[in-house]
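*Asks:* Here you go, one structure.
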Amino acid sequence: MTSDINALKYKKVLLKVSGEALMGDKQFGHEYDVIKKIAGDIKEVIDLGVEVTIVVGGGNIYRGINAALVGMDRASADYIGMLATVINALTLQNVMESLNIYTRVLSAIPMMSVCEPYIRRKAKRHMEKKRVVIFAGGTGNPFCTTDSAAVLRAIEMNCDILLKATQVDGVYDSDPKKNPNAKKYFTISYKDVITNNLQVMDMAAIAVAQENKLPIRIFSIKDQGNFAKVIQDKGKYTTIEE
């Protein structure tokens, strides 16, 4: 696929991929056919001429907040969750490189034997060389979600927009899986997301995005080719902005 990059509204984007998206219909781990599809969708966007960076979650392997609820120390549980994001980042890297996408994994928790440490200037240099940077390890701090990491990295990398790939095709006023009459928003303000406590993203992440005027677009990763459509203002999605 070819495109005039100057015609695209968003030329540099950060894609947030949840750990759950990588496990497909499984209850745990990875579904490689699903990961290959996601990698193919990413390649389609790269072929448009868009610079893509990625933040991955770790919920398909470990959720720190859930472990804390059953008595585990929250900080320790969150660190284990950060390790899960590194596993996911390395998995996604390998699948993407099988499609000839040049990729680097940078972790907020240094693991010199398996990936590079996160250094902002190094990440930007990789992007200048047309490599896809996958950010792992969350923010490197406990009590912070990978949603917060995605917002921070998008701002640090001067991305035009953050796209969150989820299991639903946008933001609803209630859970569409439980309420068939749930209302979907095409656009919604940061303030309304926070005021109505819409559980589409961590509220701290929404607040930082609002302060830095970073638009967020929520879409479904299940639909083949939807990433490229959403980049071009097509397909199904919800945009969160002022």
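Each Cβ is built from the backbone N, Cα and C atoms, and glycine gets one as well.
Okay, so Swiss-Prot annotates it like this:
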type	residues	note
BINDING	K16, V17, S18, G19, G59, R63, T166, Q167, Y172, D175	ATP binding site
BINDING	G58, D78, T139, G140, N141, P142, F143, C144, T145, T146	UMP binding site
*Asks:* Quick check: in three-state DSSP terms, what is S18 (ATP binding site)?
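*Replies:* SS state of S18 (ATP binding site) = coil.
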*Asks:* Of all the binding-site residues given, G58, G59, which has the fewest Cβ neighbours within 10 Å once its own Cβ is left out?
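*Replies:* Selected from the binding-site residues G58, G59 on minimum Cβ neighbours within 10 Å: G59.
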*Asks:* Where S18 (ATP binding site) and N141 (UMP binding site) are concerned, what is their Cα separation in Å, rounded?
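*Replies:* Distance between the two Cα atoms comes out at 18 Å.
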*Asks:* Using only the residues recorded as binding ATP (K16, V17, S18, G19, G59, R63, T166, Q167, Y172, D175), report the maximum Cα-Cα distance in Å, whole number please.
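*Replies:* Taking every pair of listed residues, the largest Cα separation comes to 24 Å.
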*Asks:* Between the binding-site residues G58, T139, N141, which lies closest to Y172 (ATP binding site), Cα to Cα?
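*Replies:* Given the candidates G58, T139, N141, the nearest one is G58.
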*Asks:* Using G59 (ATP binding site) as the reference point, find which of the binding-site residues T139, N141, T145 has the shortest Cα-to-Cα distance to it.
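*Replies:* For G59 (ATP binding site), the spatially nearest of the binding-site residues is T145.
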*Asks:* Please state whether DSSP places Y172 (ATP binding site) in a helix, a strand or coil.
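*Replies:* SS state of Y172 (ATP binding site) = strand.
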*Asks:* Within 10 Å of the Cβ of T145 (UMP binding site), how many other Cβ atoms can be counted across all chains shown?
*Replies:* 20
*Asks:* For T139 (UMP binding site), what is the tally of other C-beta atoms lying within 10 angstroms of its C-beta?
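*Replies:* T139 (UMP binding site): 22 neighbouring Cβ atoms within 10 Å.
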*Asks:* Tell me, if you would, which residue among F143, Y172 (binding-site residues) has the fewest other CB atoms within 10 Å in the structure shown?
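*Replies:* Each of the binding-site residues F143, Y172 was scored; lowest Cβ tally within 10 Å is F143.
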*Asks:* For the binding-site residues listed here (S18, N141, T166), which one has the lowest count of neighbouring CB atoms within 10 Å of its own CB?
*Replies:* N141
*Asks:* For the UMP binding site, please report the maximum Cα-Cα distance among G58, D78, T139, G140, N141, P142, F143, C144, T145, T146 in Å.
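*Replies:* Taking every pair of listed residues, the largest Cα separation comes to 14 Å.
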